[in-house]
Amino acid sequence: MQNIEQILAELQRFAWPDYVAFVAMFLLCIGIGIYFGFMNKSVSEDDYMLGGRKMLVIPIAFSLVASFISGITLLGLPTEVYSYGVQYLYVACGVIGMGVVMGVFYLPVFHDLNITSTYEYLEVRFDRRLRLYGSIMFAVMNVAYLPIVIYVPALAFNQVTGIGVHTITPIVCIICVFYTSLGGLKAVVWTDVVQAVSMLGALCLVAIKGTRDIGGPGVVLERAWNTDRLEAPDLSIDPTVRHTFWCLFLGGIVYWTQTNAVSQNMIQRYLSLPTLGDARKALCIFCAGVLILMALCGYNGLLIYATYQNCDPLTTKLAKARDQLLPLFVMETLGELPGMTGLFIAGVFSAALSSLSTCLNSMSAVVLEDFVKPYVKKPLTTTAINWIMRLVVVGVGALCVCLVYVVEHMGTVLQLTMSLEAITNGPLFGIFTIGLFMPWINGNSALLGGIMGVIGMSWVSLNAQWAIASGAINYNTKALNVEQCDYSFNVTTSLVKSSSHLVASAEDIFPLYRISYMWYTTFGASITIVVALLGTLIFGKNNPNKVDPVLLTPCIRKFFSFGSEERMDAYKPDIPLQHKLRPDEVAL
């Protein structure tokens, strides 16, 4: 009987056709960067960051999908469905809800203001302190997130080739930095189009070939049904249940709205479109694209279970990490077809490259607009602006390569990154929501709410992650067994069938530490909004009628009388935001 090492050695068949397919994708990205870098030599700041605000709907929609679906999602979502069933996929309802909320309440304000960085809005609506707060939260989250984005697909590449993580990550980062710094947003968007098609192709390839090998989709669905992986939405109102319909729908709306409507990474794409109507079209296509990719990832998770139902590779350690489960399946399914494994890995790295390039481009915008321009006495020249933007991309890319070493040697970094995301996302979303919906709240109250939101979420999230890491909180999986493995392994215990409900080994765990992570963004935003409302008792209120109406969501404007039309005219797009009035300077 073979052992795990022998099986892995046999499966690592990454031949020259696979390398050709893999390298071809990178060469295409480089070519796009060269085209937009050298064919448009006189690039203005607006062209570099927003494509001159003349981008097309379809490329932007594809770019949004590619940017949001990272390699972590492509590899993690199938493993989620494999282990816990399809319950998470009901977050699709939250995605649809997000499309409505963002298109009606958030997108009209940001698009009409003609801004580059979303955090410019915070300075105009409140003051410079809130702008700096938002920018710092964004920068911290991106610096923590970027190494994970590139490290996870590098693990997949290591699984199928045996090539070390630190051999491939610098190469990938250099390529991404090259085309992002050279071509700006146009290069990022058009490479995203290529990468979105590559991702979709990779997932379809795996689904079609794997389904054919196992005997058809009926076999996949039957085996999933027999182990309760196909299940109706859990309507429990218990907030400690990992996934219920309510946390996926309501919590999903808040989380996805924060990510799409507030985060610079995504909103920058919508702002590059010429009209609000075009931005809404891109939003609709984005929602449809994400749902399709999530459905494919979920089906692949069920397909993997149907294939490994009697010999779980996570238990036997044939897949050493959860993110290596799908690559293992690909090696067994596509390994004998020349070039197919290479196409799949190209698809996984496409997801990583699109997310990395998006973050790099957004970081250059935020650093220039929020950390440089407000603090220089003289206007920057076009040459200085171009150098700053490109140096930020190069510097953050180099930092990303260095932090990959930290990720590799600190096993809890993945959990820590999830905690940091929860810590920053909720309070930021709360502050933007205050600005759009509550004109009577001023900058002092909003800043107090934001600070308390970060403190509160730090307390809850870090303690919850510690409880999970220590084993005090554990979530059991669906049925997994190793009864019919045809190879030897050293694991003496296997997972048993159970639900995805919470199992706490320590009854005295504080209840807030046990709430589902899907509520984190909602919880952080709620703390921020409640504290800001209470802060008005200390810092007073704005006169809502003196807040410029374009800073409020359209449905709120009708409840206040803003006086003369001159205040509306004061916010024409060609007037720099730095010269506009700050409404919270007038208190009751």
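Yeah, the Cβs are placed from backbone N, Cα and C, and that goes for glycine too.
Features of the protein shown, as given by TrEMBL:
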- 19-36: transmembrane segment (TRANSMEM)
- 56-76: transmembrane segment (TRANSMEM)
- 88-109: transmembrane segment (TRANSMEM)
- 130-154: transmembrane segment (TRANSMEM)
- 160-180: transmembrane segment (TRANSMEM)
- 243-262: transmembrane segment (TRANSMEM)
- 283-308: transmembrane segment (TRANSMEM)
- 388-407: transmembrane segment (TRANSMEM)
- 422-440: transmembrane segment (TRANSMEM)
- 447-468: transmembrane segment (TRANSMEM)
- 517-539: transmembrane segment (TRANSMEM)
With an 8 Å cut-off on Cβ pairs and a sequence gap of 6 or more, do the transmembrane segment (56-76) and the transmembrane segment (160-180) reach 3 or more such pairs?
no
Sequence gap of 6 or more, Cβ distance under 8 Å, 3 or more pairs: do the transmembrane segment (243-262) and the transmembrane segment (517-539) meet that?
yes
With an 8 Å cut-off on Cβ pairs and a sequence gap of 6 or more, do the transmembrane segment (422-440) and the transmembrane segment (283-308) reach 3 or more such pairs?
no
Is the transmembrane segment (88-109) in contact with the transmembrane segment (447-468), using at least 3 Cβ pairs under 8 Å (sequence separation of 6 or more) as the test?
no
